[in-house]
Amino acid sequence: MSEEKHHHFFHQHKKDEEEQPAGGYSEAVAAGESEYERYKKEEKEHKHKQHLGEAGAIAAGAFALYEKHEAKKDPEHAHRHKITEEIAATAAVGAGGYAFHEHHEKKKDHKDAEDASGEKKHHHLFG
């Protein structure tokens, strides 16, 4: 390999080209999108991802309960069903964690959008 090319998995990058991330702030500014609109758009994306995480947690949890039932119902293959149940339960916890993470990203973007718009901040007694 020569100095001017770097291979990263399936992509080739030339050293002399300036790399900029796709999307993000620079693209939003170039499109004339205000900072407030950008934060609101990100908040909407995080809300969508949060709902997907919640749906995944529900589906994986339901599958874990089904496998638990199958382990009791089919004693001949109980060990297999117990292993599958544990995997599904782990997936449910992971999906729940992802939904929790996206919820906090959504809250952060909502706060940033309020700051960018110049709205008066709400002062609550407990939060």
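The first residue you see is number 1, and the count goes up from there.
Keep in mind that glycine also has a Cβ here, set from the backbone N, Cα and C atoms.
Automatic prediction, not curation, is the source of TrEMBL annotations.
Residues or ranges marked as compositional bias 'Basic and acidic residues' by TrEMBL: 35-45 (among others).
Sequence-distant contacts of the compositional bias 'Basic and acidic residues' (110-119) (same chain, six or more residues past either end, CB-CB distance under 8 Å): 34-36, 39-40, 43. The compositional bias 'Basic and acidic residues' annotation in TrEMBL covers 110-119 (among others).
The feature region 'Disordered' is assigned by TrEMBL to 1-55 (among others).
Positions annotated as region 'Disordered' by TrEMBL: 94-127 (among others).
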Composition by DSSP (helix, strand, coil) of residues within the compositional bias 'Basic and acidic residues' (35-45): 11 helix, 0 strand, 0 coil
